[in-house]
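Copied from TrEMBL, the annotated features are:
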DOMAIN    A:8-529  domain 'Cytochrome oxidase subunit I profile'
DOMAIN    A:569-825  domain 'Heme-copper oxidase subunit III family profile'
TRANSMEM  A:35-54  transmembrane segment
TRANSMEM  A:74-98  transmembrane segment
TRANSMEM  A:118-137  transmembrane segment
TRANSMEM  A:161-187  transmembrane segment
TRANSMEM  A:259-278  transmembrane segment
TRANSMEM  A:285-305  transmembrane segment
TRANSMEM  A:317-339  transmembrane segment
TRANSMEM  A:351-378  transmembrane segment
TRANSMEM  A:424-446  transmembrane segment
TRANSMEM  A:466-491  transmembrane segment
TRANSMEM  A:693-715  transmembrane segment
TRANSMEM  A:727-749  transmembrane segment
Amino acid sequence: MTALARHRRLSAAWASGPGWKGWFSTVNHSDVGRMFLVTAFFYFLVGGILAMLIRAQLATPHSAFAGPGIYSQIFTMHGTIMMFLFAIPAIEGMAIYLLPKMLGTRDLAYPRLTAYGYWCYFFGGAMLLVSLLFGIAPDGGWFMYPPLTGRIHSPGINTDFWLIGITFVEISAICAAVEFTVSILKYRAPGMSLARMPIFAWYMLVVSLMILTGFPPLILGSILLELERAFGMPFFQVELGGDSLLWQHLFWLFGHPEVYIIFLPAAGVVSTVLPVMASTTLIGYRWVVAAAVALAILSFGLWVHHMFTTGIPHMGLAFFSAASTLVAVPTAVQVFAWIGTMWKGTPRLHLPMLHILGFFVTFVIGGLTGVMVAVVPFDWQVHDTAFVTAHLHYVLFGGFVFPILAGIYYWLPLASGRRRFFRLGNVAFALIFIGFHVTFLAMHWVGLMGQRRRISTYAPEDGWTAINLISSVGGFVLAFGLVIVLIEIVLHLVVPRRSRRNPWGAGTLEWAVPMPPPAYNFASLPRVTSREPLADDPDLGVRLARGEGYLGDARGGLRETLMVDIATGEPEQHVVYPANTRLPLVMAAVTGVFFLSLLLKLYWLTPLALAGVAVLGWRWVWQLGSDTDLGCQPVGHGLALASASETDRPPGWWGSAFLLVANATLFGSLLFGYAFLWTVAPGWPPAAFMEPSLLVLVAAPAGAALAVAGIALAVRRNRIGGDPTAALLAALAGALCLAGAFALLLAGAPHPTGHAYGATLWVLGCYGLVHALLVALMLAFLLARQRAGYVSRSRRAELAIVPVWTGYLAVVTALILAAVYLPGFAA
Amino acid sequence: MLDPAGPAAHSIARLWWVMLIGSTAIFALVMLLLALAWRPARAGATEAAAERTWIMGLGLAFPVAVLLVLLGYGLWLGERLLPRAGPDVARVAAVARQWSWTFSYDEAPGRTTDGVLHIPAGRPVDVAITTRDVIHSFWVPRLAGKLDAIPGHVNVLRIEADTPGSYAGLSAEFSGHGYEDHSFTVIAHAPDDWQAFLEDGQ
Amino acid sequence: MSDLLRILVSPAAWLACFSAIYGLSGIVCAAGPGAAVADGSGPRMVLVIAFLLAVLLQVGLLALVWSARFGAEPGLVRVVSRISAVTGLVATVWTLFPVLAASACL
């Protein structure tokens, strides 16, 4: 087979549908990655316009440009959009686009999930955009502190848009995080051991694990606040046993890791691009990996430094002040590793390098002011002033926007196959760099002079007029520079001027892909023997196109790839991906109906939407697998591997495991909230504790035990060739019994609107009920698959996934029962 | 806060100037190292030597040393600014609401003032801060740092003015559309005036 | 997965101990105003003992990660896991030493 014939056959299997209609059904990572990036940069534009409005408002004293009401919406939405609708999705888009190419594989682990994540982002973002257009946008600040955002002080729908829209958008972050984690660990080129992984993949692995554990606290907080607003469950109302500080803890438990979730991928870009720009390799690769891990975990111990002024005792502040200074150490390790890399090589001043220099200047200043605000007494002064606004822009613009622009200019030739024609980029960089520093250096100073954040006007006698005007002028210069970047990218895509392959002389695998990349990335998968395969063998791309790697024969119009062992990267399983489908779009739309029903308080629609999601989810999983035994599949080089559906650790098992990490964090945050209210909120203990119910105490453990034992027995029966039906039925009965027990528990609980205690019990009970029903649905699905002939002695993968969920359910049941009943026993 | 008029604000302003000078020096060092990367070709160090210099030395040892000193300074200073009990501490209470402040005085029970907090100059004052509705923050930039007013909690902030005079106070936590005008005034009295103020209302 | 565990265990244990001791300091103060202000008092001792236990745990993990039996094979993971283990120990001492010095309830 010639390379061209192979290309045609692979394209037939992998290409998305023709024309714009293809966007709705594509599940290909290159397509979805680009869709993410385009949408994210659209929101960057919207957020940027809002920033310009803020600067226009603050340019002069007593400005009548926008009243305080509109101004609150503007700054709330500026922060919200930049964080949730620009930064995180831009990272997702970039990683979705690049990771499979860098890892030497053909797609991410769950192509339909990629698309579902995108559509959730699309619809959730649209919700917020609509609120902005109609002037009913959230206006409580991007941090949404109750009680200001509670029902009494914010009766309008504005806050609901935030809580519901952002939760919807966060689904896409969780999806992407599960996907990246599994893809990086299990979907790599043969031979790519952990030590041979591109550094960007390490960063993204760390970031994905952070998203899985960092986002759930905010999702929980949003759920609780929305429950308070919609149904009067008083989690944050102090007079009914709640505490507004609980929100701050949950928000910053998310909010601080979030900053590093944004910074670390950008650091990954720097670690990738900078060595290429210096024609060398990164020094201290293993130290940089260790620094990224350390930074990630340390960043979870910093959240209280956003709360230094809330009256926490000095010892508590000292813990977090110490942790906040410590986090500068792994950051310094990375910065000096990069500078050392430049010393080692011979740096060239291409456009990506210019932006990396911009990053160094800006981010180092941001890091230094960050250490300043980590010092408690100084923070007491500058907290909630423009100084902090300036600091965070130095960190986020310096630590994110500059590296992302470097990355865009670096990878643009790969994505388009073209060279830059108009040399606008250097002018744009100069404008951005100068504009940025003028804007935000000035802002530091005016903050030190006492200008608070989020004020819409100030008086001439405050003496801030000149500084604010300078800051505004700088802001508009910055915006102008960014517009030129946009123009240049559009021109780049319009003017055809072919680029040669691997124009920067990089060593990583994404440059072995044809330019622009075909939908399947690699005509055959490479065997990797070092960290820079392309540096060892510059003709690798040609050899792969000739089919000299794995899976080069493009069999049967299937989307094939390999799963590998985590540590060694040796091939383990043969995976066939699902093809184009509109299911993700429809599923996201129905998920959107669920969120919309909550937003508009059309509660009759909510169960219908949930049922719709369940039906579509059923279909989603049903499309996978096979009704005949496939046996081992030849993958090239004389190797034959088991199909994913005929293993004990199929892709779904890995996905479930990491999804449950996020889920467990959500549950853990709920238990934390319970303990926090108990010890800190003034209105505790409640008037009476719930009396333990004997029936629940018998039925719940019995049901959980039956479910766990039933599914274990089913797996064993199937393994020895027996019929698992009876055991599955028993497990189903167990799950339903458990669901009944949770319903009983809820029926006997104190009214959820009377006291935060009752409200917390109600959420705990519902959490258990939902999970019991979910496991029941999975068991019913297994029974249906078994009857339809999708399960056999060798096709055991689906049976292997459900025990993970039943086991989780059993653990959660025990914890819920303890949390609900132990206080009653003790009393 | 750059124009301090009380002991807490003085020491925080000094902290700022120390940190500004230190940061500028560190920033200059990093920029210098960055610029030197552009020197023409030079003899390459080995990977191990580069790791020792750049990572062990500059990446680990250097920031650890600087940060330990700074952390120690910050904690020592923080301890000194805490509202510890003392013989001449005056105690007042501040209650915030959207968008006003009400102050009361332990030394003059029953006496309240709206929008103006009277304190004795030259004596430490502990302000017990709380709120009737949403979260606010009590901040007199020239006297001390800020502390939040949280529903259901009472936070105590130590402030002190060196000399009699009038000082602007602000609420520094976003609280809705009246936020920017949510301010108050602190008037520090000389001992005689303070006595007169206390007796005035009785 | 065991490689990931080797890398993550020490810093994750730091995070758990750090949060737990922060929570403990809150509970100690909630028990009574001024309970832990005086040095050498009972509540302060509780915090100090918790701190020492956390340090001990980190030393144990460090020994495990360094050991031939539970440590990683030579290569990247071994180096990274050892750096992580030291990070966990340093972070525990660095971030929790205020139990020895700072005012617990002011």
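Any Cβ shown, glycine's included, is placed from N, Cα and C.
Remember, TrEMBL labels are computer predictions, not curated facts.
For the domain 'Cytochrome oxidase subunit I profile' (A:8-529), the predicted model reports an average pLDDT of 95. Counting only same-chain residues 6+ beyond the ends of the transmembrane segment (A:259-278), those with a CB under 8 A from a CB of the stretch are 83, 87-88, 91, 94-95, 198-200, 202-204, 206-207, 210-211, 214, 288, 292, 295-296, 299, 334, 338, 341-342, 344-348, 350, 352-353, 356, 359, 392, 395-396, 399-400, 402-404, 406-407, 410, 504-508. Between the transmembrane segment (A:424-446) and the stretches A:74-98, A:317-339, A:351-378, A:693-715, the greatest number of Cβ pairs separated by less than 8 Å involves A:351-378. The transmembrane segment (A:317-339) is in contact with the transmembrane segment (A:351-378), judged by 3+ CB-CB distances under 8 Å for residue pairs 6 or more apart in sequence. By the Cβ criterion (distance under 8 Å, sequence gap of 6 or more), the transmembrane segment (A:118-137) is not counted as touching the transmembrane segment (A:351-378), fewer than 3 such pairs being found.
Same-chain residues lying 6 or more positions outside the transmembrane segment (A:74-98) and placing a CB less than 8 Å from one of its CB atoms are 29-30, 32-37, 39-41, 43-44, 46-47, 50-51, 53-54, 57, 66, 108, 114, 117, 121, 125, 128, 132, 137-142, 162, 166, 169-170, 172-173, 176, 179-180, 200, 204, 207, 258, 261-262, 265-266, 269, 396, 400, 404, 407, 411, 415, 454, 510.
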